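Down below is the structure, laid out as structure tokens.
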Amino acid sequence: MRRRLTALAVEAWLPVALVTTWWFASANSTSIYFPPLQTILERFQELWLFERVPTDVAFSLTNLGLGLVAGLLAALAAGVALGLMPRVNTALTPLFEFMRATPIVALLPLIVAMFGLGVTSKVVIIALGAFWPTFLNTVDGVRAVDPLVRDVARTYRLSAATLVTRVMLPNAAPQIMVGVRTSVSVAVVVMVGSELFGSSEGIGYFILQSQRSYAIADMWSGLILLGLIGYALNLLSAGVERLVLSWHEGRRAGSTTVAAGGA
């Protein structure tokens, strides 16, 4: 318990110090661009705890959730498949590198032209943003599985499904989770970008409209909300990572024992 409290204090001191400094430094501010933090928090309470939750917040989080799930599932499936086919992966590597280097938001006009201005285009672009980090890390993680473990799996003539679920995924889990956490961060950024282009709902749209109408306190409240959402998702993904990696250690120990026995 004492260690947890110490760790919490270490993590919390900087945010608390920054917020305290911001509060007092902005208390008498007359700048249109930097209103008092008290004003921003009052608008935050009015907008994001009640008024905008069933509209902009629900819209953004629904799109984010759908895009993340679709992107991560596709990335895992494609990553495992390519990881098990090294020659195909080598042939496609230039294409993967080109796509990874292309800013996802730059594809938004094309996605909108294909799917229109509705929810579909936003979910698709979020899924694409979430896809690449997890996909590339999954490919690398599967390819890095100990060859001895693979040989033992072949010796036992494991089915493809068993090979993937009992050998490949447990051993590649640490690298996959690095990709997943990156995908979550990218998805939030892409979600905001998708709402700045041809949208009539969402947190990103609200921030843009607030900026255009010089409702700067409202704009700041939206930015704070995005930061809190990103932080909450990071905590959630870190918790999932700890859970997966604790499972991974047990499964990996089992597969290593089998490999040693087979050797």
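From the backbone N, Cα and C atoms, a Cβ is placed for every residue, glycine too.
All TrEMBL annotations are machine predictions without curation.
Feature annotation from TrEMBL assigns transmembrane segment to 7-25 (among others).
TrEMBL lists 53-237 with the feature domain 'ABC transmembrane type-1'.
Outside the transmembrane segment (57-84), and at least 6 residues removed from its termini, the chain residues within Cβ reach (under 8 Å) are 48, 92, 119, 122-143, 164, 168-169, 172, 176, 179-180, 183-184, 187-188, 190-191, 194-195, 201-204, 225, 229. Residues or ranges marked as transmembrane segment by TrEMBL: 57-84 (among others).
If you look up TrEMBL, you'll see 105-132 (among others) marked as transmembrane segment.
Non-local neighbours of the transmembrane segment (184-208) in the same chain are 52, 55-57, 59-60, 63-64, 67-68, 71, 104-105, 108-109, 112, 117, 121-122, 125-126, 128-130, 132-133, 218-219, 222-223, 225-226, 229-230, 233-234, 237; each lies 6+ residues outside the stretch with a CB under 8 Å from one of its CB atoms. The feature transmembrane segment is assigned by TrEMBL to 184-208 (among others).
Long-range Cβ contacts of the transmembrane segment (220-240) within its own chain (Cβ-Cβ under 8 Å, at least 6 residues beyond either end) map to 35, 40-41, 43-44, 47-48, 57, 61, 177, 180-181, 184-185, 188, 192, 203, 206-207, 210. According to TrEMBL, the transmembrane segment annotation covers 220-240 (among others).
Long-range Cβ contacts of the transmembrane segment (105-132) within its own chain (Cβ-Cβ under 8 Å, at least 6 residues beyond either end) map to 62-64, 66-68, 70-72, 74-75, 99, 183-184, 186-187, 189-191, 193-195, 197-199, 202.
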